[in-house]
Structure formats: C-alpha cells, structure tokens
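Contents: one structure, followed by commentary.
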Amino acid sequence: MKKFNLGLIGIFLLGVSLVGLSPKTHARAIENRSIIGIDERIQVTDTTLSPYQSTVFISANGGMGSGSVIGKDTILTAAHVVSRIKDNPSSNSNYVIPGRNGATLPFGKFKIKEINIHPQYLINSDPNHDIAVVTLEQNNGKSIGEVVEQKNLALTNEVTVGNPVSSMGYPGDKTWATMWKTQGKITGQSAHRINYDLDTKGGQSGSPVLNEQQEIIAVHAHGATTYNDGIKLNAGHLEFISKHIGETTSTFNKVTDIQVDKETLTLKVGESIKVNATVLPEYATSKQLHWDTTAEPIAVVDQNGIITGTGSGVTVIDVVSESENITKYIIVSVTDE
C-alpha cells in the first residue's frame, strides 16, 4: 500500500488535474505525471536482466520517453512521445536504446524507421488513444527483437481494482538515461484507460504497465494529482497494434478459435448452403482458413465455405486455421428428397 506524505498533499492539490480536459488541452498538460505520496521508485542497476532489457530509452528530436520491445523490429510507446517526429522519423536524433543504463548501451542503438500512431490520436490528440507502434532499422545486421526478448501483450478489456502492477522506464528527474522501476496497484479504469498509484515522472511516458505475469496490459501515458494512468490494451488497441507489429514472438495475435454460424446442417442432393466462419480473436494476424470434406460422395465444400450435397448420407466438413492448426467441424446430413 502506498504511503502518503501529508506535508505534500497541498502541493499535489495544486497540480493540473487532467480529468475533464479536452483532448488538445490534455495533450498540452500531459507532462504533469505524479509521485503518489512517498516516491517509491527504485533504480534498476542491471538493465540486462528480464524484464528490464526489453524496456527502451527513446530519443525523439531532443525529447525523451520510454517504450517496450514487442516485435522483431517494433516497439510500443505513447503517441505523444513520438508524434513530433512522425514526418521525419529517420533523423539521426531519433533512436531507441534497449536496456540503457546511463552511458552504457548493452544492446546497441537502433534508428527509427517508421512511426504508426493510433488514428484517433492523429485526429485530435485524443488521450484515450495515446499509443503508437514504432518500427526500427537493424543495428549491425541484428533486429532489436533478436538481441533482447520481446514482451508479450495481454488482452485487457477489464481489470480488477486492487490488482498489483509494475512499470519501468526513464524518468527525466533522475540521473540522465537511468532506468527506474515502480510498483503499485490498480485504482480504477475506464473503457480505454487504467488508473494506478505507480510513481512516475516525465520521461516515463510510453513505459510498459505489467501484470503479475509480466505481460503488458497498458502503456503509461498520463498523470493527475492522485493517480497516474495508461492506455489499456483492449481489443481495439490490440487490433491497431496487430496491424503494425510485424514479426513477433508475442502470442496475443495468434488464432485461438474459429466460430461457425452452422455446426450441423441438412441439405438435399444438389443443394448448396454457405457456412460462415470467423477467426478469433478479431485482431489475429493470420485469418487464412482451409475447408475440406471427409467424404466427397456425400458432400463437397469450396474454399468459400459453400457446401454442396452430392449423395445421401452423413459426413463431416472441417475448417482449419492454417497458421495455428485449429479445426472446427460441421456435421452435414444429405438426403435424396
């Protein structure tokens, strides 16, 4: 549980509360991230260990922020960290350093190649969608996701208030480019954001917010007087990430199920019926399906899911996800009449 210094409460109450601000006003006030009570951040002295090696220092045309390695060549961060450089991302002043520890760069430095910002943030700096995926160049023939581990992401539509969370990043109020970690608990949520009592300062924007399984459930982005908050990795945000993550070891976008609108059906010889199949989750990267039949003399199926009766009897049609080898079966009865 966080401890509060009562002598500082008055100072906190003078801070800028971001609740109720318009998106543009919120964007201007966004540097007001807070220490909640006593500052309980701890310096990470060995940044080569997991999960610290996957936390990155971001240099963005003189600005700084934090992020996480999520793919072979991609990192996840807050949109406001990189929005100023989206039109000129490959400048030499724009780069990413995983596991940085002051002047020590244990895994090298990676130039920024491309920046993808959530479309809602691009429209009006909407704080509910303050999230971005950054693609990097290789360094000495190696991708960032080959020299450090790639963090897994977790679908987070709902969270439980009181659950523990942690984060690590590069606060600007500490010794330059040193990594600090913080632990706390979830204090609230909305559809797109998670509130918590983690201690943060400017520079920690874009840091991963981790659950107990060390999965990313949010991207740290904002602060108020009595809480800080991050962008929740809900289904919509994971769909955006999945479009830009590229090759990854993360399992969040793997096929987990196939839903069909008909699990049994009856048709006559010569009659055709279409079965619709949907890959889950909706943000799965590979949605390629293959249809097959166990008995062509009874029924055949094309690759659009159209089943045609060819002879009386009962057979099984299967639809398979080619990427994950997940199968759904449809029982088909064919009659002469």
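The chain as shown is numbered from 1 upward.
The backbone N, Cα and C atoms fix where each Cβ goes, glycine too.
Feature annotations, reproduced from TrEMBL:
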{"type": "ACT_SITE", "residues": "HIS80", "note": "active site, charge relay system"}
{"type": "ACT_SITE", "residues": "ASP130", "note": "active site, charge relay system"}
{"type": "ACT_SITE", "residues": "SER205", "note": "active site, charge relay system"}
{"type": "DOMAIN", "residues": "34-241", "note": "domain 'Peptidase S1'"}
{"type": "DOMAIN", "residues": "254-331", "note": "domain 'BIG2'"}
Item to complete: To the nearest whole angstrom, state the Cα distance for the pair SER205 (active site, charge relay system) and HIS80 (active site, charge relay system).
Response: 8
Discussion item. Validating a neighbour-count step here. Other CB atoms within 10 A of the CB of SER205 (active site, charge relay system): how many?
Written reply: 32
Fill in: Three-state secondary structure, which DSSP defines for SER205 (active site, charge relay system)
coil
Worksheet item: Taking just the CA atoms, what is the gap between ASP130 (active site, charge relay system) and HIS80 (active site, charge relay system) in Å?
Response: 7
Worksheet, complete the sentence: Its residues classified by DSSP, the domain 'BIG2' (254-331) shows 0 helix, 44 strand, 34 coil
Discussion item. Need the DSSP three-state call for ASP130 (active site, charge relay system) to compare against my parser.
Written reply: coil
